[in-house]
Amino acid sequence: MAISSPDSRCLPKALHKFTKAMPSSVRRCSPPQGSCLAALLALAALASAGRLGGAAATTMGGSEGEWDVLSVVSSLLPSSTCTAPAAASNSTTLRVVHRHGPCSSLRSRGEPPSHAQTMARDSERLDAIHRKAGRATASTKLGGANVTLQARWGKPLGTSNYYITVGLGTPARNLSVELDTGSDQSWVQCEPCDDCYAQHDPLFDPAKSLTYAAVTCGAQECRQFGTQNCTSSEDDDRCPYALTYGDNSRSTGNLARDTLALAPGTTLPGFMFGCGHKDAGIFGEVDGLFGLSRGMASLSSQLAAAKLGAAGFSYCLPSTSSAVGYLTFGGANAAVAAPANAQFTAMLTGELDASLYYLNLTGMTVAGRAIKAPPAAFAAAEGTIIDSGTAFSRLPPRAYAALRSAFRRAMARHGYRRAPAPAPFDTCYDLAGHRTVRVPAVALEFGDGAAVRLDPRGVLYAWDEAFQVACLAFAPDPDLGVIGNVQQRTVAVVYDVGGAKIGFGAKGCA
């Protein structure tokens, strides 16, 4: 859109509001009309290059509701350079990095996935969630043979795009592992590896760790978390495990325990994980995967069992792949990691799979107005799942149709042209020639009154690198409701598992 020259009578007032606002790249001005709006947009565009993450975003209120104004290039597309990491709040805070961005050390091989590949992976993960949330047993096929997994392990969902770096063994070996709230098991690739994918770091060698110990067939954790065909022999008494993911990626090996270093001075002795010797799939170059679900084997559950923290954690996923977020494990209380503006909503207990995180999503607003969908339109079998590995949020058809209609009406008021939409999207816009774009604010509302306003970069998704097309970053699903990681960007998400609640704090990271 064209930006006229700012009116000199309005400029001092706009500049005053601009410089006094919080350093979050989101600015507030009311009313959003006339040359005052032009002044604010011009100032936002000029200031964008010097802000954290390079984002120029203005929040507006008034008779038209709430909107965000984004710089097309600097706000919605990642930078080619890595921005400064989020500040650590305590000694158990880890950097969360997008594995395909400039902050990642895992980009030495190949190109990042295309949009089509990203959507295919997202579809595979959703298929896995469908099977996990609706399955009667945890039976799956691996390498042509049926492998039955213990129900507590469940069927993993696939992998996310975010990873952390931890130390494993004594002396500690730094490893980069993906984090996944949909899995409770953790594993890394180990020597000797008969059939492993190429990873960034050298394989973890159990023989070089003074604290490594294999889990044996007779151990209780083998009966709980290993495969059911464990047989002991004089030559090998190790407990085997076998995992498959939604895209047929897999990891097989033996269960083990070793010392895990999360941060200097914070270690977890006897951390149980899988030592993978036959692994294959689309894992990129990560060294393994750490599960953060509600299951007993997840990292957060093991920390709580060892009395090193509450049964909970918090994270903030960065706005783009060129920024850095965080993952924090709280101290005696998970609420320690909650920002002051966090609003909490109750966690629901899934009957079919209790390891996933379910919430009671009952409504949404667009540009400050409730969409025309009753709470029943958001109802899914177990509740709405919040998941770190699914990219784009899914809504039941009635709820999605109401969101789509409200969003289209809002965008039409500002004359944005519709563009052909690639599946699974159906609401896209041609933004060629626009320096900025107005995005109607979208907020999620929960049954107990909690609400979270999404970052505008979690509402509109840039489909191509030239930013000719941008799409509403939601899609319908006939059976599931899922809050994906795109919608979680820059929001501090606090998983207070012990208190059975999840909190959301806006502007948690860049």
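Cβ atoms here come from the backbone N, Cα and C positions, even for glycine.
Under the heading active site, TrEMBL lists Asp180, Asp387. Residues annotated as domain 'Peptidase A1' in TrEMBL: 162-505.
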Looking at the domain 'Peptidase A1' (162-505) alone, can you tell me the average pLDDT? 89
Roughly how many Å separate the Cα of Asp180 (active site) from that of Asp387 (active site), to the nearest whole number? 8
What is the total of other Cβ atoms whose distance to the Cβ of Asp180 (active site) is within 10 Å? 27
Applying a 10 Å Cβ distance cut-off over all chains shown, what neighbour count does Asp387 (active site) have? 26
